[in-house]
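Worksheet for the structure shown next.
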Amino acid sequence: MGWLPAQGRLAAGLLVNLAASICIVFLNKWLYVRLGFPNLSLTLVHFAITWLGLYLCQALGAFSPKSLQPSQVLPLALSFCGFVVFTNLSLQSNTIGTYQLAKAMTTPVIVVIQTLAYGKTFPLRIKLTLVPITLGVFLNSYYDVKFNVLGMAFATMGVLVTSLYQVWVGAKQHELQVNSMQLLYYQAPMSSAMLLFIIPFFEPVFGEGGIFGPWTLSAVIMVLLSGVIAFMVNLSIYWIIGNTSPVTYNMFGHFKFCITLLGGCLLFKDPLSVNQGLGILCTLLGILAYTHFKLSEQESSKSKLAQRP
């Protein structure tokens, strides 16, 4: 996408992520519900195919791998595995409402981590946009929010590790001077190897319901298709965070959540309560405000650069 202007590339990256994310949600749902394919095993397949896709890309000259030490990528790989495990345990131990509300806390936690650990400052107006977004998610989840000690522990760990992972995805690209493909090229196989050791503790490996179980050819094709779409999702996530920020990516995540709810209502006639409608409106207003302020910041920076002698 080098021939596109910077804003055009960002819009294209966001559209690819939006389309791929929506496709993978419905495809994964089908794999879990209709086929009973194990969750963590599917994540392992996703990352294995992501690495194979990147291997093909570098073989075709799309990028040149940069030599990195395993220790430099290890925190990223560990945080990814923690994010997958705790997010799944949170979903398993909590209601959907509590799970979604906990996920919404990722954005403010990222702001706190970047402020304390990286010395990044956020204007007050940017911080205030988090209020309608969090309120919107709460309104969407209100009737399904129930708390239990174990579920809250998993949700809290999930939010912390997910926030760290997203911050590190951006920080490592700048710190190691690598692009999204070069970093993911090292992280994908490392995370796959770690998941290979984690999976036996949570899911069957062989036999009925295991990753190496007696799956039909159509099931294998659907799993592989899911892996190809996951490759697009993973790559676009890294690219978006590397070219914007973890907070911007989270804002886009809230937008995708609203689009998924509206899509379910329009396409599948899912019921949408008044609370959910207000929640979607609140969230979208917060995202619009954030986008407006960020664009104003960029215009202000350009003006200052233009005024320099």
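Keep in mind that glycine also has a Cβ here, set from the backbone N, Cα and C atoms.
As the structure is a computational prediction, the values presented were derived from the model and not from experiment.
Taken verbatim from TrEMBL:
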DOMAIN    19-290  domain 'Sugar phosphate transporter'
TRANSMEM  12-32  transmembrane segment
TRANSMEM  44-61  transmembrane segment
TRANSMEM  73-91  transmembrane segment
TRANSMEM  97-117  transmembrane segment
TRANSMEM  149-171  transmembrane segment
TRANSMEM  183-202  transmembrane segment
TRANSMEM  214-241  transmembrane segment
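Taking Cβ pairs closer than 8 Å, the transmembrane segment (149-171) reaches residues 75-76, 79-80, 82-83, 86-87, 89-90, 92-94, 98-99, 102-103, 105-106, 109-110, 113-114, 117-118, 183, 237-238, 241-242, 245-246, 249-250 in its own chain, all 6 or more past its ends. Comparing 12-32, 44-61, 73-91, 97-117, 183-202 for CB pairs under 8 angstroms to the transmembrane segment (214-241), the maximum falls on 12-32.
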